Amino acid sequence: MSQFALLGNPNTGKTSLFNHLTGSYAYVGNWSGVTIEKKVGKLRHQTDLLVDLPGIYSLNPLSKDEEVVTEFLLTDEFEKILNIVDASQLKRNLQLTIQLIEFGKPLIVGLNMVDVAQSRGIQINEKKLSDILGVRVVPIIARTGKGCDLLTKELTSDTRKKSPGTPTFKVDYGFLEEIIEQMSELFPDDVNLNKRWMAVQYLEGNKRVISYVSQHMPNTALLEQIKQEVEEELVKRGYAHSLRQFIYHMRDKNITHLLEQTTIVTSSTKTTTTDMIDRVVTNKFLGLPIFLFFMYVVFMLTFDWLGTPLSDVLDGFMSGPLTTWTENGLHVIGASKFIKDLVLNGIIAGVGGVLVFVPQIFIMFFLISFLEDSGYMARVAMVMDRIMESIGLNGKAFIPMIIGFGCNVPGIMAARTIEQPKERLLTILLTPLMSCSARLPVYALFVGAFFVNHRALVVLSLYVLGIVVAMVMARIFSFLFLKKEKSVFVIELPPYRVPQALTLWRSTWEKGKGFIRKAGTFIFAGSVLIWLLTYAGPHGWNVEMDDSFLAFIGGVLAPIFEPLGFGTWQAAASLLTGFLAKEVVVSTMNIIYHAPDTASLTGVLSTQYSALSALSFMSFILLYIPCLATVATIRKETASKKWTYVSVIYSLVIAYIISLVIYQIGGLFF
Amino acid sequence: MNLTDLQQGKTAVVSDVTKLNDIVKQRLIDMGLVEGQEICLKCAMPFGGPVMVEVCGQCLSLRRKEASRIGVS
């Protein structure tokens with residue numbers, strides 16, 4: 001069994017290729033850096049493994065996700081590199097290929113999007129390219145899977161033979177060559193890496209490589225001195241402004257020469273579809289309204305036009321046939337009253353009450369995937385940048401937040417693409433304020449009870465509330481401790497692509513399955529526990545609900561929520577359990593109020609809450625605390641206990657204040 | 001003159017990227033925005049927002065402040 005590494009520039013169809021080669025369900029997107037973790041998949045019909053790494057422009061890392069790649073090359077074990085290259089952007093893509101060739105491991109180039117290149121009038125002679133580079137070049141179309149079989153064959157065959165296709169192409173760095181050789185001799189022999197590659201990376205200023213070298217060498221002062229002297233010499237002779245620029249330039253010269261021999265460009269200037277779409281969606285005045293319109297459509301589809309009717313059908317099935325069948329089944333096998341109660345009032349009410357919202361959540365995930373895959377997300381970052389800049393962030397921070405609408409966990413992980421550490425931290429702290437799909441069942445329940453005629457509007461305003469609070473907090477946080485760092489913003493705008501059905505379905509399923517799995521594990525266990533806590537009390541089993549343990553626990557906390565308009569033990573108990581996962585709030589309420597279906601639960605709720613206290617409660621749910629999984633992710637991503645506590649505590653405080661304001665001020669008017 | 005002086009839809013050649021912030025410069029170099037390269041200003045967002053440019057057949061977006069540090073001729 002061997003391990004291969006898949007590397008390439010962002011937006012070259014890397015993750016699509018990964019999906020075709022491995023048949024695994026990795027998450028696919030179309031904005032810079034959508035692959036945020038190292039993902040490993042098994043090659044189809046093979047035992048070998050393929051590692052999908054984040055998209056990079058060069059091996060010199062600028063952001064957290066790029067660091068992953070350099071780290072991988074330096075420390076992980078693998079046989080071969082599969083370098084995916086965008087045929088329509090060869091000049092830029094080959095910069096990375098050259099660095100990978102210098103790395104010295106066997107390399108195979110997957111020349112992707114040959115169809116796109118052709119339509120732009122670019123003809124590539126792969127055979128010649130392959131000969132000059134000294135590596136196998138396989139033309140592919142990753143979106144359709146064309147050429148993938150050949151690629152797999154190439155990947156797996158050579159490893160057992162003697163010559164594994166180690167590349168021969170060499171860039172001549174001119175007067176640096178002497179220096180490179182001199183440095184190579186200084187590197188210790190116990191390092192298992194190509195020394196020429198190390199020297200070039202060192203000169204380029206690759207921080208990770210420099211720190212790697214200093215770990216393996218007692219004294220790097222001489223290396224530093226050589227580097228400095230040669231840089232001064234460069235500037236003096238007027239070759240370049242820096243070593244980095246010089247190295248880039250030398251590579252570029254080689255690439256240009258290479259392309260002259262291997263490509264024929266016939267026509268290059270014509271208006272593409274991307275140009276036409278961009279004229280509208282990134283229009284000076286229309287850009288922002290169009291984005292808001294898209295978001296409005298997303299919400300209407302999720303809540304009004306499509307999601308709610310589907311959820312109603314599912315609810316009817318759960319509370320009708322399913323409950324009857326289970327009841328009959330339990331009766332036939334002669335289950336005790338305890339078991340019957342547990343299954344019907346605990347599990348079906350709790351788990352079923354959450355599963356009802358699966359259609360809405362899948363629609364939401366589907367639409368977010370669609371926006372991601374189409375290439376529109378990067379435009380959103382651009383359109384939003386001016387607003388984000390005013391709160392001390394950049395437009396890229398908006399993408400984790402939109403992903404956070406689906407689920408906060410991947411949203412927080414997506415913040416890795418932000419270059420500046422403090423901006424990234426700030427984005428991590430704010431993403432939980434984005435209303436994730438798990439909060440949606442709670443809203444759906446309450447708007448169904450109190451705001452039937454304005455469902456989408458009320459829910460949309462909650463999402464907006466989350467965004468507004470995030471913006472205000474961003475301002476406060478950046479004023480308090482992020483003053484010094486400069487915010488930067490550069491983003492690539494990939495061409496628009498019509499998302500493929502298969503890719504869309506996979507990424508929707510990938511995101512949505514977590515929700516279903518949660519229903520089977522967390523929520524199942526939570527429901528049983530909650531039901532037991534309502535079933536048992538200080539005075540024995542099968543007690544009245546108001547005498548149960550849950551009522552007792554909730555009762556202790558209830559007075560705190562009195563000023564917010566929901567000072568009942570039921571509300572307090574469901575908020576407490578909601579920390580596990582926010583949709584558990586709905587499970588808890590189903591169990592507490594003994595509601596067989598959503599319709600009867602909304603009936604009970606309308607006697608327990610007023611429209612105003614419902615609004616206050618929903619706002620509290622939106623803001624009060626990130627769920628358990630999110631808190632764990634924050635802890636992992638920030639690697640700091642302090643910031644984890646900060647994120648939990650500030651959100652509790654904010655939630656209390658906002659709900660208090662809503663209930664108390666709202667009370668003056670209604 | 002600098003990139004922001006360029007009229008929308010017009011093309012020029014990049015002549016100077018040395019005044020840029022380091023991270024931005026590195027990113028732009030990675031994306032192919034280097035001296036001697038043709039650059040086209042596609043559009044600009046309102047209220048001093050970012051600009052969209054096309055370099056080597058691909059679009060990028062960067063802040064106006066940074067764009068004003070890129071010399072073109």
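First residue shown is number 1, and so on along the chain.
The backbone N, Cα and C atoms fix where each Cβ goes, glycine too.
Note that the structure is a prediction, hence the values are computed from the model and not measured.
As annotated by TrEMBL, GTP binding site applies to A:8-15, A:33-37, A:52-55, A:112-115.
Counting Cβ atoms from all protein chains shown, A:Gly23 (Mg(2+) 2 binding site) has 12 others lying within 10 Å of its own Cβ. Among the features that TrEMBL reports, Mg(2+) 2 binding site is placed at A:Asn19, A:Gly23.
Secondary structure at A:Thr22 (Mg(2+) 1 binding site), as computed by DSSP, is helix. Feature annotation from TrEMBL assigns Mg(2+) 1 binding site to A:Thr22.
TrEMBL lists A:1-161 with the feature domain 'FeoB-type G'.
Residues annotated as transmembrane segment in TrEMBL: A:285-306 (among others).
Distant neighbours of the transmembrane segment (A:342-371): 29, 294, 298, 301-303, 306-308, 310-311, 314-315, 318-319, 322-323, 326-327, 330, 335, 377, 380, 402-403, 405-406, 437, 440-441, 444, 499, 504, 507-508, 511-512, 515-516, 519-520, 523-524, 526-528, 530-532, 535, 583-584, 586-591, 594-596, 598, 601; these residues of the same chain sit at least 6 beyond its ends, with a Cβ under 8 Å from one of its Cβ atoms. The annotation transmembrane segment is assigned in TrEMBL to A:342-371 (among others).
Long-range contacts of the transmembrane segment (A:391-413) within its own chain (CB-CB distance under 8 A, at least 6 residues past either end) are made by residues 27, 31, 36-37, 364-365, 368, 371-372, 377, 380-385, 423, 426-428, 430-432, 434-438, 463, 467, 470-471, 474-475, 477-479, 482, 487-489, 491, 511, 514-515, 626-627, 629-630, 633-634, 637. The feature transmembrane segment is assigned by TrEMBL to A:391-413 (among others).
With a cut-off of 8 Å between Cβ atoms, the residues of this chain six or more beyond the transmembrane segment (A:425-451) that come close are 302-303, 308, 311, 353-354, 356-357, 360-361, 364-365, 392-393, 397, 400-402, 404-408, 411-412, 415, 418, 457-459, 462-463, 466-467, 469-470, 473-474, 477-478, 482, 515, 581-583, 585-586, 589, 598, 601-603, 605-606, 609, 611, 614-615, 617-618, 621-623, 626-627, 630, 634, 637-638, 643, 646-647, 650-651. The feature transmembrane segment is assigned by TrEMBL to A:425-451 (among others).
Beyond the transmembrane segment (A:457-482), the same-chain residues lying 6 or more positions past its ends with a Cβ under 8 Å from any Cβ of the stretch are 296, 299, 303, 387, 391-393, 401, 405, 422-423, 425-426, 429-430, 433-435, 440, 443-444, 447, 451, 615, 618-619, 622-623, 650, 654, 658. Per TrEMBL, the feature transmembrane segment maps to A:457-482 (among others).
Annotation comment: TrEMBL describes A:515-536 (among others) as transmembrane segment.
What TrEMBL lists as transmembrane segment is A:548-566 (among others). The list of residues near the transmembrane segment (A:548-566) in space but at least 6 beyond its ends in sequence, with Cβ under 8 angstroms from a Cβ of it, reads 530, 533-538, 572-573, 575-576, 592, 609-610, 612-613, 616-617, 620, 656, 659-660, 663-664, 667.
The feature transmembrane segment is assigned by TrEMBL to A:613-631 (among others).
Among the features that TrEMBL reports, transmembrane segment is placed at A:643-665 (among others).
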Original post:
Which state, by DSSP, holds A:Asn11 (GTP binding site): helix, strand or coil?
Top reply: coil
**OP:** Counting only CB pairs under 8 A, let me know which of A:285-306, A:515-536, A:643-665 has the most with the transmembrane segment (A:613-631).
**Re:** A:643-665
Original post:
In the same chain, which residue numbers or ranges, 6 or more beyond the ends of the transmembrane segment (A:643-665), come under 8 angstroms Cβ to Cβ?
Top reply: 425, 428-429, 432-433, 465, 469, 473, 563-565, 612-613, 615-617, 619-620, 622-626, 631, 634-635
Original post:
Using C-alpha atoms, which one of the binding-site residues A:Asn11, A:Lys14, A:Pro54, A:Met113 comes nearest to A:Gly23 (Mg(2+) 2 binding site)?
Top reply: A:Lys14
Original post:
By a simple count, how many Cβ atoms lie within 10 Å of the Cβ of A:Asn11 (GTP binding site), its own Cβ left out?
Top reply: 24
**OP:** Determine, from DSSP, whether A:Met113 (GTP binding site) sits in helix, strand or coil.
**Re:** coil
